[in-house]
Amino acid sequence: MVFNLFRISADLVHLLSIYFLLTKIISHKNCIGISLRSQILFFIVWVTRYLDIFYNFYSLYNTILKIVYLTTSAYTIYLISKRFRATYDKIHDTLNVWYLIVPCIVLAFIFTEDYSITEICWTFSIFLEAVAILPQILLLRSTGEVENLNSQYIFCLGLYRALYIINWIYRYATEQSYWSPLTWICGSIQTLLYVEYFYYYIKSRVEGTKFVLP
């Protein structure tokens, strides 16, 4: 694998977001403020994107990341739905995920470059990742105040996507054959979903106040 500082930085920030999420749930022994629906969507993203994990070896780095994303995502769902189920805020976590999944399936069949199962699933995962955070954002909007570790988790998720945009720009400038408009568009949409969140997160840090969404 060619060393790419921007991609590695993005991946490290993504891992940091997972650390914040699991630390919040395990150390506080609750999943208050965490959307189970978003976590399920992210798990679907990783499963459909990494169908080739058992037969397509690109690099040890890539394989380790795939395993980490799959296992931590499944573990997070277990913690929310089983171990700390009594603290799950199902009253506010109400977005119907099928409103996100079905359009992504349709778009995957329209925009896939190859009608193989792995390619259709990969394309589907790109679309779904762009909107998987929506249940989480809507849950936080409905409750208002955001816990510290929750805010760090979501901030890192947004930063990870922003760093990937820089990575794409870098690759486009340095690799002649690099062309991935679908990834760029979906990744940009995903990053835009975090813009308002970034604003209020940074504002609360600068002012030393609690992080509250309007």
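Residue 1 is the first one shown; counting continues down the chain.
The backbone N, Cα and C atoms fix where each Cβ goes, and this holds for glycine too.
It should be emphasised that the depicted structure is a prediction, and the values quoted were computed from it without experimental measurement.
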Looking only at the topology recorded in Swiss-Prot, are ASN4 and VAL206 found on one side of the membrane? no
Do at least three C-beta pairs under 8 angstroms join the transmembrane segment (38-55) to the transmembrane segment (64-82), pairs 6 or more apart in sequence? yes
Could you tell me what the rest of the chain brings near the transmembrane segment (152-170), counting residues at least six beyond its ends with Cβ under 8 Å? 4, 6-7, 9-11, 13-14, 16-17, 20-21, 24, 133, 136-137, 140, 146, 180, 183-184, 187-188, 190-191, 193-194, 197-198, 201
So which residues does the transmembrane segment (99-112) touch in its own chain, when a touch means Cβ under 8 Å and the partner is 6 or more beyond its ends? 41, 44, 119-124, 127-128, 131-132, 134, 182
Can you count helix, strand and coil residues in the topological domain 'Cytoplasmic' (24-37) using DSSP? 7 helix, 0 strand, 7 coil
